[in-house]
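Trainee: Mind having a look at this structure? Questions to follow.
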Amino acid sequence: MLKRVLTGVIGIPLVILIMILGNPLLQIMGCIVALIGVYEFYDVIKKQYHPIDWIGYGVTIIFFLNHRGIMEHFALFISLVIMGLLIFMVYTYPKYNIVDLALTLFAPLYVGLLISFVILLREAEYGQFFVWLIFISAWGSDTCAYFTGSLIGKHKLAPVLSPKKTVEGAIGGAVGAGLLAVVYTYIYTLFAIPYMRENMLLIVGIVVVSAILSQFGDLAASAIKRTLGVKDFGYIFPGHGGVLDRFDSILFVAPFIVIALQFISEFKMIA
């Protein structure tokens with residue numbers, strides 16, 4: 001428990017600083033975090049499969065070097081990557097097979113692509129406000145779920161994947177995240193963009209749905225770990241595990257919030 005607290009004491013101020021300063025620091029740190037996450041994924045599957053790690057790292061870096069351009073031409077980019085992987089398989093078969101190729105591509109998509117949505121949101125108009133909804137939905141709901149589940153949790157949410165998670169905890173996490181969103185929006189709008197308070201209900205609704213999705217992000221990562229027979233993806237964060245153990249919920253939350261906010265008339269992506 002002490003390790004978890006110390007990691008939080010050091011990590012939270014660092015995240016706050018990076019989000020405030022934005023790019024290029026955010027872009028660099030986001031790329032580093034994603035590369036570590038991709039490495040963790042490849043590391044745990046190498047006992048059973050043979051991912052072509054240098055290709056995965058290259059695709060991940062490209063996501064962060066030109067993430068806006070990649071988003072605009074995603075189908076073309078992925079098509080080229082898939083064709084390149086298949087050509088590589090032809091020349092290296094049977095050393096690498098189709099499963100190896102699929103896992104090679106899955107890692108940068110699962111980690112690199114989804115994390116890059118944090119940068120996309122931070123760069124958006126009012127991004128300094130909206131980007132914190134990601135962390136409220138993911139980490140805020142996780143904290144609320146933990147305490148709610150510890151106090152009143154009785155019914156198992158997913159006993160096979162995560163025996164400690166409860167339905168009560170999940171509900172408490174979503175409600176708690178919604179309340180945190182109210183407090184955050186109220187305080188933020190005292191100092192900047194006061195008219196954003198008019199969208200309070202919509203913002204809270206997005207956060208509550210995001211908090212629910214964050215549970216699926218966590219459980220999806222648990223399913224992957226159980227399939228591979230590992231407890232944690234890594235150990236870079238003492239008491240928390242690896243990058244994927246700490247950011248699994250953010251991988252689900254960040255893309256959803258970006259998509260949801262695109263339907264808000266006050267939200268306009270920077271051209």
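Yeah, the Cβs are placed from backbone N, Cα and C, and that goes for glycine too.
Not measured: the values here are computed from a predicted model.
Grabbed the feature section from TrEMBL, which reads as follows:
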TRANSMEM  12-39  transmembrane segment
TRANSMEM  51-67  transmembrane segment
TRANSMEM  74-93  transmembrane segment
TRANSMEM  105-122  transmembrane segment
TRANSMEM  129-149  transmembrane segment
TRANSMEM  169-193  transmembrane segment
TRANSMEM  200-224  transmembrane segment
TRANSMEM  244-264  transmembrane segment
Trainee: Which residues, given as numbers and ranges, are at least 6 beyond the ends of the transmembrane segment (244-264) yet have a Cβ under 8 Å from it?
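Mentor: Long-range Cβ neighbours of the transmembrane segment (244-264): 33, 37, 40-41, 110-111, 114-115, 117-118, 120-121, 124, 130, 133-135, 137-139, 141-142, 199, 202, 206, 209-211, 213-218, 220-221, 232-234, 237.
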Trainee: Taking 51-67, 129-149, 169-193 as candidates, which has the most Cβ pairs under 8 Å with the transmembrane segment (105-122)?
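Mentor: The stretch with the most contacts is 51-67.
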Trainee: Counting Cβ pairs under 8 Å to the transmembrane segment (169-193), which of 12-39, 51-67, 200-224 comes out on top?
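Mentor: Between the candidates 12-39, 51-67, 200-224, the best contact partner of the transmembrane segment (169-193) is 200-224.
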Trainee: The transmembrane segment (200-224): which same-chain residues, six or more beyond its ends, come within Cβ distance under 8 Å?
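Mentor: Here the qualifying positions are 133-134, 136-138, 140-142, 145, 157-158, 161-162, 165, 170, 173-178, 180-182, 185-186, 233, 244-245, 248-253, 256-257, 260-261, 264.
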Trainee: If we skip the immediate neighbours and take only residues 6+ beyond the ends of the transmembrane segment (12-39), which ones have a Cβ under 8 Å from one of its Cβ atoms?
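Mentor: Same-chain contacts beyond the flanks: 53, 56-57, 60-61, 63-65, 107-108, 111-112, 115-116, 118-119, 122-123, 127-128, 131-132, 135, 233-234, 236, 242-244, 247.
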